[in-house]
Ligand code: AMP
């Protein structure tokens with residue numbers, strides 16, 4: 001039986017039912033199979049999984065899609081029940097921010113200034129602030145996050161390390177449509193034509209990752225993106241697996257962000273670099 005908590009008090013009561021480890025999956029709702037995979041991965045290890053559903057105003061910039069972000073609570077609750085979540089915490093704004101807009105917030109540091117941080121000022125500060133709060137409110141022992149938001153995952157790991165939060169963070173690989181498109185709640189904004197254009201992102205990453213020389217990786221991926229008129233590239237970057245400098249060889253990451261119509265999409269893949277023999 002899935003318990004639904006909308007307030008802090010209801011959450012406290014629901015958490016009384018946890019006999020052991022509490023596993024948490026945080027979402028902004030509009031749940032899809034990517035979220036489903038996170039919940040299922042959590043369930044494989046922990047009988048008591050808490051799913052949070054909260055569209056966090058703090059991580060949206062002016063002019064971003066906070067107001068129009070899809071809100072599908074009834075369907076989301078159905079999905080959480082079907083996945084066997086013990087608790088769904090779907091708080092209102094005042095339950096998360098009882099003091100109003102917080103005056104003390106997280107500083108994401110240098111890792112938060114690059115890539116998404118450069119394009120979306122304030123986004124990671126707002127994200128980390130709510131993640132830290134929700135980890136505490138849910139009394140999480142372990143929390144699951146998708147590699148789809150790779151920089152977010154890296155920042156959360158760093159926050160847990162730097163601030164001694166004592167929570168285990170587990171990353172889950174990106175779930176894709178059969179044609180390669182990474183699942184995202186924002187995909188529902190795309191028209192049929194835009195969805196076709198959006199496929200260039202995953203195709204560029206996939207074909208780029210087929211090379212092992214950094215210049216060839218970027219040239220291949222960049223060409224595919226440049227040839228798709230429906231895509232306005234924000235960034236295409238090759239980094240180390242920890243988002244630091246590109247290594248001469250070994251694991252690295254290829255990341256992309258672009259606008260397709262009015263919709264901003266991100267995606268990334270792991271990649272292995274090799275020195276030419
Ligand atoms: P969101 O609701 O978009 O904030 O995402 C909530 C969680 O689901 C985050 O940890 C995301 O990284 C993860 N997630 C979103 N899309 C995917 C996907 N396609 N595959 C795996 N995880 C995902």
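Including glycine, each Cβ sits where the backbone N, Cα and C put it.
The model shown is predicted, which means the values in this text are computed figures rather than measured ones.
Per TrEMBL, the features are:
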type	residues	note
BINDING	28-35, 146-149, 175, 183-186	ATP binding site
ACT_SITE	35	active site, proton donor
BINDING	59	beta-alanine binding site
BINDING	59, 152	(R)-pantoate binding site
**Message:** In the three-state scheme derived from DSSP, which category covers residue 28 (ATP binding site)?
**Reply:** coil
**Message:** Going by Cα-Cα distance, which of the recorded positions (35, 59, 152) sits nearest to residue 175 (ATP binding site)?
**Reply:** 35
**Request:** Express the distance between the Cα positions of residue 34 (ATP binding site) and residue 152 ((R)-pantoate binding site) as a whole number of Å.
**Result:** 15
**Request:** Identify, in sequence order, the residues in the chain of residue 152 ((R)-pantoate binding site) that are 6 or more apart from it along the sequence and have a CB within less than 8 Å of its CB; answer 'none' if there are none.
**Result:** 116, 124, 127, 145
**Most crowded position, judged by CB atoms within 10 A, among 28, 31, 175 as binding-site residues** = 31
**Message:** Taking only same-chain residues 6+ apart in sequence, whose CB is under 8 Å from that of residue 147 (ATP binding site), what do you get?
**Reply:** 153, 171, 172, 173, 174, 268
**Asked** Rounded to a whole number, how many Å is the Cα of residue 185 (ATP binding site) away from the Cα of residue 59 (beta-alanine binding site)?
**Response** 16
**Asked** Taking just the CA atoms, what is the gap between residue 59 (beta-alanine binding site) and residue 28 (ATP binding site) in Å?
**Response** 11
**Request:** State the Cα to Cα distance, in Å, between residue 28 (ATP binding site) and residue 35 (active site, proton donor), rounded to an integer.
**Result:** 10
